[in-house]
């Protein structure tokens, strides 16, 4: 095409991404490698339609969490949405199976998930709110123990190694700890919710500003609270009261914090016994923006990719809201983010002036 | 679960389908087998987002064809739709690449496609308008010849054999023939459109009723027209005027019909030379409901499945509407319909009372 010819090519909608040769094949390859890993561990693939009732997707979650979903009305006037993640669909499918007598369900999936494009963040695959992206994940429903959680983390790491990913960091936290800790420290529950939202976004400046704006002069500063949360290391095996010298404003909440801590210390011991002590770090400021998590939560970060390449946690209350109470834990890989992290190793792609994409190994 | 306990499980939206273990794995396996076939023939996988502008999807098509699509407004107020098929997206992606100097593009894909659920037909995977289904297909852009078309049909058959599908029939037609034939026979163009819609739906009763309701007493009966169309066999290598004794009402349209016929006879000779004569049949009543087709069109039917398990054709005008004129031909397999056709051989699945699905080999 000569440079004096200007053509207007047909656009794709906001947030949609084209994958040219090599890229599309590479994505399917990444999916397949991860599915193989799951298969070897006894997880069976399931699938379902891309639409769910909003009511289904909201079980165990706050209504505000639905803001970023692509919603439409079905022909009966009920609101359906393109799923933003797979866990609610899996829970919906698993409930009758559990009720039928199955004690353990090990399922995996490889599916596209969706978010609204109002937010500029939806335009990037690494933002964490891509308009469309691919998740390959597992749900392990039934058993509940530190060993099960540790095995899940181990399998997550094993999948990353199978892909040949180098330079990744796994960060582990607990869904209830920061909330209980902040409440026990004397912060009102509405403010705690705001603080957790700041942590989920990684906005530490906002966190400090909110804490330091409170009228209660007896509160610790935002800096101190953040510093305590981020430095607590369950591998140290210490009692919480030996690590931090606090007088809880609310004794029963304080007990709750200490209970979570003891559980984390036991989990750390389990990890150590499985040789995982050097494969991950704890950071109790890590907070997920999904409210159905009840136990450990974790994220995996890779060099050069802003959002986690894998993430998950334990959600022991969700299945009950689908009519079949059972503990469960799961995680998902974010395939396009993994591709970005792997791309320096595996392939590079450069769009030409004509929008064509060439790939080299 | 005892029979005196009645539970209300959470529903999935209308038209959405759950795939339990075995089923989901089987679907991915079918996709992979077909993608392997394409890969061996030099077709490279591409992908794109599930949403396209309605304007993109309508290029080369009539506005009425958009009725069955799932449409939403994007944040700028433009109408986007979940793609009902992949060809327009591929054409959109291919146009800049062609313009950049590529003479030939051989791309394949494995993607989900969508239809609205207003229509009860959307609730079935074999209806041809499933709410969500999986298409694995190819687009071969650039070359145009009887040999290319024949090679495409051969590859389509080769994929079916690779899957182990038995008892299938490939039916070939021409996108322009029936229309030109009916017009040349003296039927008004608005009525011809109605008749083609009847043929596309396989509604032969409706076809006869419309023809026989015309006021023009010199017209052939609906029965005669249908019978002529369905019996014409390009393998016979005869001249059209020797097969049917017609005086065209419109001589130039008559020439057009004869031109299409000669092309079909040449195509049949090409098929015969490649040993395909016994692998397919011609039926010139076969009409696709997509208006961008310009040349041969075909469908493959399998035992026990009402809608085609594969379908495609030549569309030499579509790329021009994306700014890069080029002939093209393509087809897609309908994966869930193939699964239904293969299921007796491969697996059976029976839902239990609890909605659980067991699978046996």
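Using the three backbone atoms N, Cα and C, a Cβ is placed for every residue, glycine included.
Note that TrEMBL annotation is computational and uncurated.
TrEMBL annotations:
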type	residues	note
BINDING	A:85, A:86, A:87, A:135, A:139, A:288, A:292, A:293	L-histidine binding site
DOMAIN	A:15-338	domain 'Class II Histidinyl-tRNA synthetase (HisRS)-like catalytic core'
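Feature annotations (TrEMBL) mapped to structure.
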| residue | record | Cβ contacts under 8 Å, 6 or more apart |
| --- | --- | --- |
| A:85 | L-histidine binding site | A:113, A:135, A:290, A:332 |
| A:86 | L-histidine binding site | A:109, A:111, A:113, A:135, A:137, A:139, A:332 |
| A:87 | L-histidine binding site | A:139, A:292, A:315, A:318, A:330 |
| A:288 | L-histidine binding site | A:175, A:200, A:297, A:299, A:311, A:313 |
| A:293 | L-histidine binding site | A:175, A:313, A:314, A:315 |
Largest CA-to-CA spread of L-histidine binders A:85, A:86, A:87, A:135, A:139, A:288, A:292, A:293, angstrom: 19
Where residue A:292 (L-histidine binding site) falls in three-state DSSP terms: coil
Local confidence of the domain 'Class II Histidinyl-tRNA synthetase (HisRS)-like catalytic core' (A:15-338) - pLDDT mean: 93
Listed binding-site residues (A:135, A:139), ranked by Cβ neighbours within 10 Å, top entry: A:139
